[in-house]
Amino acid sequence: MGQVVDETGSSGGVRANHRWKVLGVGFAANASFSAAFSGIPTTAVFLRHGYHIGNGGLGLVLGMLGLGIAVSELPWGLLTDRWGDRRVLLLGLLTTAAALAAMAGFVVPHGTRAPGIVPLALGLLAVGLLGGSVNGSSGRAVMAWFREGERGLAMSIRQTAVPAGGGLGAIMLPALAAHLGFVAVYGVLAALCAVTAWFAWRWLHEPPVAAAPATHQATIDDENAASQPQTVSPLRDIGVWRVALGIGVLCVPQLAVVTFATVFLHDFGHAGVFAISATMAAVQTGAAVARVWSGRWTDQHGNRRQYMRACSVLTALLFALLALIAAGVGGRHGWTTVALAVMIVLGGVSASAWHGVAYTELATLAGTRRAGTALAMGNTCAFMTLFVTPLAIPPLLAAMSWPAVWAIASACALLALPVFPRPSRAAGYGSRVRA
């Protein structure tokens, strides 16, 4: 599936700069789905009220969204490596749009009547199962169209779509839920997925092969073959598994912010809807900027593994500080609400900045032909965390307190340090040699 580039800059009849359109499609696909899985939790206060559920029920329904993604990621990834990026991404986006449209039609509160927790949980589970197709298929497409030395930046731009979409959701969805109800929330999300599917149909294609003379060929897969045998399955590669498991552990503090920071700021910090939306939008905006910078910086320095491990330590420190500030607030508010919001932003950005770098590392270890499977392994671990984290927080709150929640998040971030592979001095781009 290597990209063939001739001297005119064309790629089998497709201009070389077409790869940026492919990246744009990958960005839009991730952003549209992220607006759902990161945006819906920002409506947590309205979910509790509209569907008549408590914190435990809230954790369950949000966890079902993560469970759906976690369960489906690996099958979607294997299917992507078999069918190709275009078919899987189109299928996933269109069926996700259909599931969200069905929720807008049948699983929304009307006045004092609520559909109940079971239809809501099943609906979000279906959205997760179908949307799990997006990451592996879009990531494989980007890896196929870009070369080593560009991939860190390209994959980080694609991963930037996750906080960008989450930020869009944080700005739009609470206001929509407050003024127009959840029919507008699910309807807008369905429309985003459908529009992105049109662009994918228009622009996303497999890179052409054998379209130029052999003397002019420069394939991406040849670059991968020098560093990773294509016959080795990522499922049997301990280096790939260590990166994937490290992703899952380091996602705990990030997803604690995504799923329950709005509840924390509302219940503990007594922040209003505008302040909460602004805080969550700042988290996602900061994470987007940090991901692009991270990808470019690690491309230039060849230090992906060092960067991932450094983010683990920094995130642990920031969440430990958040726990200390929350413990010292007591019953006082005012300026302390601002301090809590600032720490949520700093911790959330640090806990998200490394994503593009880690997924580039996964795909590089596996090789382009197996990138769909490797990326799915990482996302399976990440979204299993999205399932477990919101389920764990309510009982932790009942047994302990918010400072304890953030302290545990800090410990999880630190736990990622020994899980991630150590850097190798022989690795040209910081990553190629297994630990």
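Easy rule for this one: first residue shown is 1, then count along the chain.
Using the three backbone atoms N, Cα and C, a Cβ is placed for every residue, glycine included.
What TrEMBL says about a protein is an automatic prediction, not a curated fact.
Beyond its flanks by at least six residues, the transmembrane segment (22-47) meets 53, 58, 61-62, 65-66, 69, 89, 93, 96, 100, 120, 124, 127-128, 131, 134-135, 137-139, 141-142, 145-146, 154, 157-166, 168-170, 172-174, 177-178, 182, 185, 189, 192-193, 195-196, 199-200, 203-205, 258-260, 262-263, 266, 273, 276-277, 280, 284, 386, 390 of its own chain at Cβ-Cβ distances under 8 Å. For 22-47 (among others), the entry in TrEMBL reads transmembrane segment.
The domain 'Major facilitator superfamily (MFS) profile' annotation in TrEMBL covers 22-427.
The transmembrane segment annotation in TrEMBL covers 53-76 (among others).
Per TrEMBL, the feature transmembrane segment maps to 88-108 (among others).
Distant neighbours of the transmembrane segment (114-134): 29-30, 33, 36-37, 40, 47, 50-53, 57, 60-62, 64-73, 76, 79-80, 88-89, 91-93, 95-96, 99-100, 102-103, 106-108, 379, 383; these residues of the same chain sit at least 6 beyond its ends, with a Cβ under 8 Å from one of its Cβ atoms. What TrEMBL records for 114-134 (among others) is transmembrane segment.
What TrEMBL lists as transmembrane segment is 155-177 (among others). When Cβ-Cβ distances below 8 Å are used as the criterion, the transmembrane segment (155-177) is approached by residues 23, 26-36, 38-40, 42-43, 45-47, 50, 138-139, 142-143, 146, 184-185, 188-189, 258, 273, 276-277, 280-281, 283-289, 291-292, 294-296, 352, 355-357, 359-360, 363 of the same chain, each at least six residues removed from its ends.
The transmembrane segment annotation in TrEMBL covers 183-201 (among others). Sequence-distant contacts of the transmembrane segment (183-201), counting only residues of its own chain at least 6 positions beyond either end whose CB sits under 8 Å from a CB of the stretch, comprise 24-25, 28-29, 31-33, 35-36, 39-40, 43, 86, 89-90, 93-94, 96-98, 100-101, 103-105, 107-108, 169, 172-173, 176-177.
For 243-265 (among others), the entry in TrEMBL reads transmembrane segment.
The feature transmembrane segment is assigned by TrEMBL to 271-290 (among others).
Among the features that TrEMBL reports, transmembrane segment is placed at 310-329 (among others). Below 8 angstroms of C-beta separation, residues 246, 250, 253, 268, 336, 339-340, 343-344, 346-347, 350-351, 353-354, 401-407, 409-411, 413-414, 416-417, 420 of the same chain, each at least six residues beyond the ends of the transmembrane segment (310-329), sit close to that stretch.
Taken from TrEMBL, the feature transmembrane segment covers 335-359 (among others). If you look at the transmembrane segment (335-359), the same-chain residues 6 or more away from its ends with a CB under 8 A from one of its CBs are 139, 152, 155-160, 162-163, 243, 246-247, 250-251, 253-254, 257-258, 261, 264-265, 268-271, 275, 279, 282-283, 286-287, 290-295, 298, 304, 307-308, 311, 314-315, 318-319, 321-322, 325-326, 329, 375, 378, 413.
The transmembrane segment annotation in TrEMBL covers 371-393 (among others). Sequence-distant contacts of the transmembrane segment (371-393), counting only residues of its own chain at least 6 positions beyond either end whose CB sits under 8 Å from a CB of the stretch, comprise 37, 41, 55, 58-60, 62-67, 69-71, 73-81, 85, 88, 128, 132, 135-137, 139-140, 143-144, 233-235, 240-241, 243-245, 247-249, 251-252, 255-256, 258-260, 358-359, 362-363, 365, 405.
The list of residues near the transmembrane segment (399-420) in space but at least 6 beyond its ends in sequence, with Cβ under 8 angstroms from a Cβ of it, reads 242-243, 245-246, 249-250, 252-253, 256, 260, 264, 268, 305, 308-309, 312-313, 315-320, 322-324, 326-327, 351, 393. Marked as transmembrane segment by TrEMBL: 399-420 (among others).
Within its own chain, the transmembrane segment (271-290) is flanked in space by residues 38, 42, 45, 160, 162-164, 166-168, 170-171, 174-175, 178, 257, 261-262, 265, 337, 341, 344-345, 348-350, 352-353, which lie at least six positions past its ends and keep a Cβ under 8 Å from the stretch.
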